[in-house]
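*Asks:* I grabbed these lines from Swiss-Prot:
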- 77, 95, 96, 97, 98, 99, 493: ATP binding site (BINDING)
């Protein structure tokens, strides 16, 4: 808090400078205010920097916000805006106006002409905020675009994306930006690229995107794999095994492994002598996937089974938000293993073509900043990973919400019935109620109980998100009852209806503590915005997932068989001190493990990051470089020929001839009888002659040097892309194989780095051979329009 005090004191000095321009700006005409943008751009060109422009620029935006929106940013919002410009995180409580705060740093950083972005967790918020704030930027002469559509089933065209990403200010989502970055780097020519260099970004709900979503990399999938028939077999095998006897599960690390007894049981089931021999690698991989499907991935917590008209499908859930992740599939066969577990039709397993984590995506920006209501508790991780401080901004009005102590019960039914009594009590008074649950299953249980009590309510979970923002916005009305999972409606203001403040405000009921304290704070923060009254209370049982997974062993002594009806009328509250500390200790253990997992994800992603940057840099060089490539191509051909001549052996002339037909030319003449296939010198001479002949034929056919250069680039590009896709897919498979299954005494991450490096070196070798094959074995033809069409092998 001492550090935050000095931050605030420094911010107030800058705030005073901004306020000193207030009278001047209010006296300007609209036209004079609009002219300020060109003035600022000229001052930048003359040598001033953004920090020097900040006081006056913020004063301009503040005045325009007032004239266009009728909203004059509070002092605390201006302080938050200063933090955002400095590349740090502004912690601002729910309802403090983060959307308006962002107008100031977005305008200032867009003045450089290099672009500024605001990234939100979902398209609804991006579209809403851009629509509401857009008039401010347009008034000031800046262009604003949204890189998402309301209908996500209709993707944006490349031409449209290029126009969008050239805008001064862009509102988008983290997933849309990530996929656009990956698509950009799969483009075959400059015409299909649309991004410019990443400059400045504000991430809304930054902790949700950079921390809670850190475990899920963005992946573009491509060509389907040959479908394995092992999924159902391994699902059946796992169902015959017993936990602790045949396999062990570490729920803290989410790791599962077979015991010696389990290995023997698997060998017996599969009719094998040695399960872990090299030829059984695929079986072991599928067994690992099946074990993880049953032990690590929980229905209605990690995924839901959604029924459509004809068939069911597995859709992943975001644990932090409770939202469906429609476009995301687990890689490496894990998704198919879960489908086998749930007995739904297996989807096609696809290859990963490109992948990036959110951490590495946002590190591509020159300057990164963010907003959240709950960043201070994880400031150390933001400092360590992103070198960003978290500054807690004071609220504009004092928070008068009443946060009651946790109500702890022994059993789950006691907790449910006690919380239901609380709901009935406040509902009878007319207070609006927002009831948060930790899973889809629990939200539906509460919904059923409320219906049984005759209490009308809205249910908001992953199975019902169409009206999410509207439901949350209306949840502050008199008598409203809303049941929601985790952090539904984050970013949507809840305004109290008439008469609600007199009753004590919105009542938030948490039906369990979540796996990190930030989500609990966010749940509480739904009530008591902008000085409104409010009430929050959590109900906990010793049987909650958090305590079962992270609590001490002694709480198991309190578990016993019972009938839920036993506790309906007389729930017993646990008041001893040791129970009070139980939850915070369990949360700290959970948060510590989550932090380690994120660090491990970053470590695994490091190999991919280095390899991706090297590969993309080479692709971009090819797309942008206009110089002749003859020397470079000749070096590659010479290298490949030398390798074939000196390192590859052929049984006879027919074997060597087959090699030539497959790799150098399908028009080559037969090998002369006197040719010595064991002479590297003769092999080199022959292959060099064939290569020169093929290249000369293609150059003659194309006639134009420009077309020939285009052909050369495309041949190299195809080789890079095909081999990079193989490498990305290999790294995904490798991580899946090493990260969750104990088969070796080595540290999995060390083994991964070594294998990943070896794989990359092998990829570069394959790539050179593929370049030669593409250059020599491709077919050229004219289409009916007279255009040259290139067919690569």
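From the backbone N, Cα and C atoms, a Cβ is placed for every residue, glycine too.
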*Asks:* Given a 10 Å Cβ-Cβ cut-off, pick out the one of the binding-site residues 77, 99 that has the most other Cβ atoms nearby.
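*Replies:* Output for this query is 77.
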*Asks:* Using a 10 angstroms cut-off on Cβ to Cβ distances, just flag whichever of 96, 493 is the loneliest among these binding-site residues.
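*Replies:* Among the binding-site residues 96, 493, the sparsest Cβ neighbourhood within 10 Å belongs to 493.
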*Asks:* Note the Cβ centroid of 77, 95, 96, 97, 98, 99, 493, the recorded ATP site, then list each other residue of that chain whose Cβ lies within 8 Å of it, in sequence.
*Replies:* 92, 94, 100, 101
*Asks:* Fewest other C-beta atoms within 10 angstroms of its own C-beta: which of the binding-site residues 95, 97 fits that?
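*Replies:* Comparing Cβ neighbours within 10 Å for the binding-site residues 95, 97, 97 has the fewest.
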*Asks:* Does DSSP put residue 77 (ATP binding site) in a helix, in a strand, or in coil?
*Replies:* helix
*Asks:* Where does residue 95 (ATP binding site) sit in DSSP terms: helix, strand, or coil?
*Replies:* coil
*Asks:* Under DSSP, is residue 493 (ATP binding site) part of a helix or a strand, or is it coil?
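*Replies:* The residue in question, residue 493 (ATP binding site), is coil (DSSP, three-state).
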*Asks:* Let me check the 10 A CB neighbour count of residue 98 (ATP binding site). How many other CB atoms are there?
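*Replies:* Other Cβ atoms found within 10 Å: 24.
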